[in-house]
Amino acid sequence: MTDHPIIQADRQNGLDNAGKTTILKKFNGEDVSTISPTLGFNIVTLEHRGFKLNIWDVGGQKSLRSYWRNYFESTDGLVWVVDSADRLRLEDCRKELSTLLLEERLAGATLLVFANKQDLPGSLSKDAIREVLALDDIKTHHWCIVGCSAVTGENLLTGVDWLLDDIAARIFTAD
Amino acid sequence: MAALGVEVYVANEDGETNTAVNVPESVLRRDQARLEEAERRRNVKEKQAVKEEKSDFFTSTFNAEKTAVEEMLSSSNYSDRDKAAKTLEEVTVRIQHLQKFLNDSIMFLTQYEIRQAQASMQKLQSSLAEKREAVLPKKKFAFRSRNAGASKQPEPSQQTTDKSASGVGGTVAVDVNQCGFSNAENEVLIKQAEEIQQRDVLLSHLTNCKVRLYGCPSTLHIKNVRSCEILCGPVSSSVFVDQCTGSTLVLSCQQLRTHNTTATQIYVHVTSRAIIEDCLGVRFAPFTWTYPGIQDHYKVAGLDPDRNNWRDVDDFNWLAAGTPSPNWTVIPETERICSWDSVGSPS
C-alpha cells in the first residue's frame, strides 16, 4: 500500500484567451461564464483518482511570459492549451512552446497539449494543430495532443488521465 | 433541539421515528430484514473484491499479457511495412493498457510487486522502441518548409475577402477561412450576422474606415487599426485589440484584452472584466449601440445584457492597489456618444 502520491505541480501554459482558466474551472466543476482574464496566477489543488494535483494556471499575457520560467522547479507535468480557432497566433503559439521546452527545469516533464475550442465551427482539428506546432519534432518530452472543449467539458478527463498515467509511470519507476 | 431531532431520525433511519415506541414488532421485523440485506450485500461485495484485488490475480493477468506482448514483438513478420506499422500500433496500445492496469492495481500491491511490474514495463517499452527503430526508421519531416510559409501569413499580404485569403499558397491550414477585413482605407465595411456567427473575425491594417458587424462572432481580433470607428454585436468570448490608435470601438463581449493601444475610446459591454497592457490614453464608457435583433444576438452569444463591468479595468502594467492607473480614464457623461451613424443595416 502506497500513500496517495502528490503530483508536485502541473503547469497550465498557453497564450492568452486559450482557455486555461476555463479548463481548470470546468475540471473543478465551477462556473465558467464569469471568468476574467487572468491577472498573475491561479494556484489550485485538486484530488483526482487518488492523486493530489497542484496546478498552476499561469496568465498568458506577454508581460507575464518572461516570468513563467521562475516557477518551473519540480514540475511533473505541463499542460499547453491552444486556442484551435485562433489561426492568427498559431505561429506565435508554436514559438512560445518550443522556447518553453528548452527550459532546463522542465526537463523530463510530461507534456499534454489541449487543442481547445473544438466546439467552435472554425476551429482547426487536433491533427492540424499537431502539424502546425510541429509536435512530432519533440523528442525531449513525452507528449500527447487531445482535442477538447473547455466549455462543454469534452475530453478534459481523457487528457488529464493520460497525463496522470504517464507521470505515475515515471514516478513509480523512479521509486 | 433541531440537531437532536436529526440525530434521532438518523439513528432509526427507517423513517418511523414517531411510531417506533408503539409498534415494536414491525420495527423488529424491519430491523431483521435490514440486517439480512446488509449481510447479503457484504457477501456479494466480498466475492467481487477478492477476485480483482488479490495480488495472485494481478500477477497472473499481468504476466499473461506481458508474455503475449513479448511474443508479438519477437515472432511477428515485420517485412511488410504497413503490417509492421499496424502490429507496432497494437503493441503500443496493449502496453498502454497494461500500464493502466498496473496503475489501477497499485493500491493493493506490495512495493516489491510494483517494482517488479515496473521493471517489466520498462523492458517492454524499450524492446518496442528498438523494434520500431529497426523496422520503421523515422521519416524526415516534410512540413518544415510549409511552416516557413505559415510564418509569413500575418504580414500585410492578408487579403480582404474570405475567398482570396483561402487562395494563399499551399501552406498549413492556417488562415484558410479567416473571416473579416484587412488592408483597407477610407472604406465602409459591413458584415451581416450569418457571415460572422460563431466565427473568429479579424480586422487588420485598416485606416479611416467605418466598420459595422451586425452579429455575434466567437472572437474578434482588431489589429493595426488607425482612425477607425468599429461597432460590433455581442462577442461570445474575447475581443482582442492590438496596435490601435485614434479610434473609437463599440464592443460587447465576455472579455476585452487591449494591448499597445493609444488615444482610443472604447464603449464596452463586458460581462467579466476588461484588461489593458502597454496602453496609453484609453478611455472607457458603457456600450451604447443598438440594432434590430441585438437582443437575440445577446442570447446566441450567451452574454447577460444586464451585467456590464465596463468600469472594472485591470491594467497589467499597473499593479499598485489603491492608486488608479494613469493609462486609462472614464469618458465624462457629457462627452459620450449615444447614437451612431446608421451605416448599412442588419439583414
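Heads up, the Cβ atoms here are built off N, Cα and C, so glycines get one too.
Just so you know, TrEMBL annotations are computer predictions that nobody has curated.
The GTP binding site annotation in TrEMBL covers A:Gly14, A:Leu15, A:Asp16, A:Asn17, A:Ala18, A:Gly19, A:Lys20, A:Thr21, A:Gly60, A:Asn116, A:Lys117, A:Gln118, A:Asp119. Residues or ranges marked as Mg(2+) binding site in TrEMBL: A:Thr21, A:Thr38.
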Residues that sit under 8 angstroms from A:Asp119 (GTP binding site) by C-beta distance, when 6+ apart in the chain: A:Ser149, A:Val151, A:Thr152, A:Glu154
Cβ neighbour count within 10 Å of A:Lys20 (GTP binding site): 30
Residues from A:Asp16, A:Ala18, A:Lys20, A:Asp119 facing chain B - binding-site residues, CB under 8 A: A:Asp16
Euclidean distance between Cα atoms of A:Thr38 (Mg(2+) binding site) and A:Lys117 (GTP binding site), Å: 18
Count of other CB atoms lying within 10 Å of the CB belonging to A:Thr21 (Mg(2+) binding site): 22
Secondary structure at A:Asp119 (GTP binding site), reduced by DSSP to three states: coil
Candidates A:Gly14, A:Ala18, A:Lys117: member of the binding-site residues with the richest Cβ shell (10 Å): A:Lys117
